[in-house]
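According to TrEMBL, the active site, proton donor annotation covers B:K207. The NADP(+) binding site annotation in TrEMBL covers B:L12, B:G13, B:C14, B:G15, B:V16, B:V17, B:G18, B:S19. Per TrEMBL, the feature NADPH binding site maps to B:K107. The feature L-homoserine binding site is assigned by TrEMBL to B:E192. The domain 'ACT' annotation in TrEMBL covers B:353-426.
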2 protein chains.
Amino acid sequence: MMRTRPLKVALLGCGVVGSEVARIMTTHADDLAARIGAPVELVGVAVRRPDRVREGIDPALVTTDATALVKRGDLDIVVEVIGGIEPARTLIGTAFEHGASVVSANKALLAQDGAALHAAAEEQGRDLYYEAAVAGAILLIRPLRESLAGDKVNRVLGIVNGTTNFILDKMDSTGAGYQEALDEATALGYAEADPTADVEGFDAAAKAAILAGIAFHTRVGLDDVYREGMTEVTAADFASAKEMGCTIKLLAICERAGDGASVTARVHPAMIPLSHPLASVRGAYNAVFVESDASGQLMFYGPGAGGAPTASAVLGDLVAVGRNRISGTTGPGASAYAALPVSPMGEVVTRYHISLDVADKPGVLAQVATVFAEHGVSIDTVRQQGKDGEASLVVVTHRASDAALGGTVDALRKLDTVRGVASIMRVEGE
Amino acid sequence: MMRTRPLKVALLGCGVVGSEVARIMTTHADDLAARIGAPVELVGVAVRRPDRVREGIDPALVTTDATALVKRGDLDIVVEVIGGIEPARTLIGTAFEHGASVVSANKALLAQDGAALHAAAEEQGRDLYYEAAVAGAILLIRPLRESLAGDKVNRVLGIVNGTTNFILDKMDSTGAGYQEALDEATALGYAEADPTADVEGFDAAAKAAILAGIAFHTRVGLDDVYREGMTEVTAADFASAKEMGCTIKLLAICERAGDGASVTARVHPAMIPLSHPLASVRGAYNAVFVESDASGQLMFYGPGAGGAPTASAVLGDLVAVGRNRISGTTGPGASAYAALPVSPMGEVVTRYHISLDVADKPGVLAQVATVFAEHGVSIDTVRQQGKDGEASLVVVTHRASDAALGGTVDALRKLDTVRGVASIMRVEGE
C-alpha cells in the first residue's frame with residue numbers, strides 16, 4: 001500500500017553527516033519509499049556557506065535561511081544535523097510549531113535541553129527521534145526505549161567515545177604514553193586539533209545523561225553527571241591493570257543507586273577485567289553494556305562516529321517517523337515517569353586501585369592499613385615493592401563509597417611515610 | 001495521559017517463559033502501565049496440564065481450552081509461548097480473526113510459516129511481533145527492522161545457539177573433544193537430553209531464515225537454509241584453528257550474493273579470527289554481527305536463551321503492541337518487497353581450511369596443488385607435516401565457490417597419494 005504524495009523533508013546542516021543523509025536519500029530512494037510506504041522528497045537544505053559545492057544536491061534546494069525553511073508549514077520531517085545549542089534549539093521548536101516531526105543527531109542539545117524539547121514535541125503531537133545522538137550507529141536508544149520496555153534496567157556501562165577508546169587501546173597494545181597515543185590519534189584523524197571535549201570526558205558525559213534518562217525513565221541533566229577525563233592515565237597504570245588481569249577504558253556508567261530509589265551517572269577512566277565484553281572493544285569502536293533484571297547482560301557494539309554510520313542512524317529514525325506520519329500517530333515519547341533523584345558522586349559505591357609512593361621502612365603498611373580501616377574502607381589485596389629506600393604500595397579495595405575513599409586518600413596524603421598518591425583508579429565490571 | 005480501560009492479554013503456554021511473563025506482568029504492573037499508557041490485565045492462561053501448581057497465577061484464569069480463549073473477542077493481545085507448529089499456528093490465526101494482535105516467541109513457526117502469518121496479520125490489521133523468536137534476549141529484530149531501515153544490510157553473521165557455543169567454547173578453552181564437552185553441557189543443563197536440534201544446527205537454521213528475511217526485506221524459507229551441524233568438529237580442528245590465529249564457532253550466515261541480486265543463508269561450523277568480535281563470545285551467550293553499507297559493523301550481544309531473558313523480549317513486544325493498540329495503529333509489518341531469490345549453496349563464496357592425510361613422498365604436494373588449480377581454487381597457504389611415511393597437508397584457500405571446492409575435494413579423494421580428507425572447514429569473518 002504505497003501513498004503517492006511524498007513526505008517532505010528539510011535538512012538543517014549539510015556537513016559530513018548531512019551530505020551523507022542527502023546522498024542516501026537519493027541513492028536509496030526506492031528502498032526508503034518501500035520501507036516507509038511513501039516516497040520522501042528533500043525540499044530544502046539549510047547551510048551556512050551556500051557557495052560550497054555539494055555533490056548530488058540540487059543547488060535550488062540550498063538556502064541560508066533555516067528559519068524560513070522550518071516555517072514553510074508543509075514539512076513532514078525536519079532533520080537537524082547542525083549540532084550545538086543554538087540555532088538548533090530554536091529551529092527544532094519552530095519546526096514542531098509548524099507541524100513537522102524532528103530527527104536530530106545533536107547530543108549536546110539533547111543532553112542539555114532534552115526535557116524541554118520532548119515536552120514541546122508532545123505538546124504539538126510530533127515525534128522527536130535521536131538514535132544518532134548517542135554513540136553514532138550503535139543503535140541502542142531504540143532497544144533501550146522499546147525492546148527493554150518490559151524489563152528493569154539496573155546499569156548501563158558504556159564506551160561511548162571513539163577518540164578516547166582509540167587512545168587507550170593504543171596505550172594498552174603498544175605501551176605508549178598518553179601524549180604519544182594522542183599524537184597518533186590526531187595524525188590519523190581520530191582526534192580533533194583541540195581534543196578537550198573528548199579526552200576530558202565532556203562528550204561522554206552528554207551521552208551518559210541521555211542514556212541514563214532513557215534507561216531509568218527519568219530526567220538526568222548534564223550537570224548531574226560526574227566527569228573525569230583520561231589525560232592522566234599513564235603507561236604505569238596500564239602495567240598495573242595488566243597485573244590485575246584488567247585493561248583501562250573511559251567508561252560512562254549509569255546505575256540505580258543503593259535501594260533503586262535514585263540513580264547516578266558518571267564518566268571516568270576505570271579498570272575492567274579482560275574477560276568483560278567491553279575489554280575487547282578496540283580502536284575507535286563504541287559499545288554499551290546493559291544489565292537488567294530479566295535480560296541479564298546485553299551489549300550493543302558499533303562504530304562510534306563517522307558520517308555514514310551516523311547518517312544510517314538518522315535514516316532509521318527518518319523511516320520510523322515517516323511511518324508514524326502516514327499512520328497519523330507518534331512513537332513512544334520520552335517517558336520520565338519514574339522521576340528518580342540523582343545521587344551525588346560521594347554515594348557511588350565501587351572498588352578502587354590505589355598506587356602509593358611510600359618510604360621503604362617497617363610499619364608503613366600498618367599505618368596505611370589503619371587509615372583505610374578508620375574510614376571504613378575494606379582492603380582486598382595489597383602489593384608492596386621496594387627499592388633504594390623508596391617503595392610503592394598498591395592497594396585494591398573492596399566496594400566502598402566515593403566519599404569514604406576520598407576521606408581515606410586525604411588522610412593518606414597527611415602521613416609522613418606517604419610520599420605521594422601516584423594514582424587512584426576505579427575498578428568496574430566485576 | 002493514562003487510559004483506564006485495561007488492555008486484555010491472554011497467555012498461551014505457561015512453561016518457563018510463560019510463567020516468567022505472567023510473573024513480570026504482575027510484579028511490574030505499574031511500570032508496564034506507565035510505559036504503555038494503559039494497565040494490562042491477564043485474562044486467561046491456556047495450559048495443557050491445569051493441575052500443575054503455578055505460583056502467582058490465579059487458578060481461575062487457567063484453562064485447557066486455548067481455542068475458546070483466543071475466540072473471546074475482547075482480547076487486545078495474545079502472547080504465544082507454546083512453541084512448535086500446531087496448535088500454535090491455528091491459534092495465532094484465530095486470534096487475528098477475533099481482533100487480537102500477537103506476540104510470539106516461536107522461532108520454528110516463524111521460520112516455517114512467517115510469510116503466511118504476516119499476511120494474516122496484515123489482512124486483519126493486527127500486529128505480529130516476535131523479538132524473542134531469534135536469540136532470546138539479544139534484541140536485534142527491532143534494530144534490524146527499524147533502526148537500519150534506512151541502510152542496506154549486506155551480511156549477518158551470528159552465533160545464535162547457546163548450547164553449541166557453550167560446547168565449542170569448552171573445546172577451545174580446555175582442549176576437550178566434542179563428546180566430553182557435550183557431556184558437560186548436558187550435566188550443567190546447557191544441552192537437552194536429545195541435543196539434535198542444537199548440535200545439528202536445526203535451531204540455528206530456523207533463526208537464520210528469520211534473520212535473512214528481516215535483514216534483506218525478502219522471504220527466506222527454512223528449506224532455503226544450508227545446514228551443517230558441529231558434531232564432527234574435533235580437538236585437532238581447534239589446534240589447527242589456533243595455529244591460524246582463529247577459533248571455531250557455529251555460525252549462521254546470511255549474505256547478499258555476488259551482485260546483490262540474490263541472497264544466501266547457511267549454518268555451519270567455521271573458523272573466525274580471534275580478533276573478530278564474535279570470537280570472544282563465551283559460554284552460552286549469543287551475538288549477531290551485522291555489516292551494512294552505511295553503518296559498517298554492528299554487533300548485538302546477549303543471553304541466547306533462558307526464561308527471564310526471553311520473557312523480557314516478549315514484554316518489550318507487549319509494550320510496543322500495547323502502545324500501537326491504544327493509538328489505533330500497527331507497527332511496521334514484514335517488508336518483503338525486495339523479493340530476492342535464494343541462491344544455492346554451491347554459489348556461496350568463502351575461504352576453506354582443508355586438512356589431508358597424504359603419503360609422505362615427493363610429488364604429493366605437486367599433485368594436490370594441480371587438483372586445486374584444475375578446479376579454479378587458488379591456494380593461499382600450505383603447511384606440510386610428515387612422520388613415518390604418513391604426512392598431513394593443511395591447505396588454506398583464497399575465496400572460492402562451494403561448488404568449486406566440492407569438486408576439488410572429490411578429485412582429491414581419488415588421488416592414490418591422498419589417504420583421506422581429515423577435515424574441511426570454512427574460514428569466515430575476515
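Cβ atoms here come from the backbone N, Cα and C positions, even for glycine.
Cα of B:G13 (NADP(+) binding site) to Cα of B:K107 (NADPH binding site): a distance of 15 Å. For B:V16 (NADP(+) binding site), the Cβ neighbour count at a 10 Å cut-off comes to 15, with all displayed protein chains included.
Long-range Cβ contacts of B:L12 (NADP(+) binding site) within its own chain (separation 6+, distance under 8 Å): B:G18, B:A46, B:A66, B:L69, B:V70, B:V78, B:V79, B:E80, B:V81, B:I82, B:A88, B:L91. Of all Cβ atoms in the shown protein chains, 24 besides its own fall within 10 Å of the Cβ of B:G13 (NADP(+) binding site). For the domain 'ACT' (B:353-426), the DSSP-based tally of helix, strand and coil residues reads 23 helix, 35 strand, 16 coil. A C-beta separation below 8 Å, combined with a sequence spacing of at least six in one chain, links B:G15 (NADP(+) binding site) to B:V81. Checking Cα-Cα distances from the residue listed as 'active site, proton donor' against the binding-site residues (B:C14, B:V16, B:S19, B:K107, B:E192) with a 10 Å cut-off leaves B:K107, in sequence order. Between the CA atoms of B:V17 (NADP(+) binding site) and the residue listed as 'L-homoserine binding site' there is a gap of 17 Å. A 10 Å cutoff on Cβ-Cβ distances gives the residue listed as 'L-homoserine binding site' a total of 13 other Cβ atoms nearby, all chains included. Among the binding-site residues listed (B:V16, B:S19, B:K107), B:V16 has its Cα nearest to the Cα of the residue listed as 'L-homoserine binding site'. Compute the center of the Cβ atoms of B:L12, B:G13, B:C14, B:G15, B:V16, B:V17, B:G18, B:S19, which mark the site for NADP(+); besides them, the chain residues with Cβ within 8 Å of that center are B:L11, B:E20, B:V21, B:A22, B:V81, B:I82. In the three-state DSSP assignment, the secondary structure recorded for the residue listed as 'NADPH binding site' is helix.
In the three-state DSSP assignment, the secondary structure recorded for B:L12 (NADP(+) binding site) is strand.
Note on the domain 'ACT' (B:353-426): mean pLDDT across this stretch is 91. Counting only same-chain residues at least 6 apart in sequence, those with a Cβ under 8 Å from the Cβ of B:C14 (NADP(+) binding site) are B:A22, B:V45, B:A46, B:V47, B:R54, B:I57, B:V62, B:V81.
Recorded residues B:K107 (NADPH binding site) and B:V16 (NADP(+) binding site) have their alpha carbons 16 Å apart, per Cα-Cα distance. Around the Cβ of B:S19 (NADP(+) binding site), 22 further Cβ atoms fall within 10 Å across all displayed protein chains. In the three-state DSSP classification, the residue listed as 'L-homoserine binding site' falls within coil.
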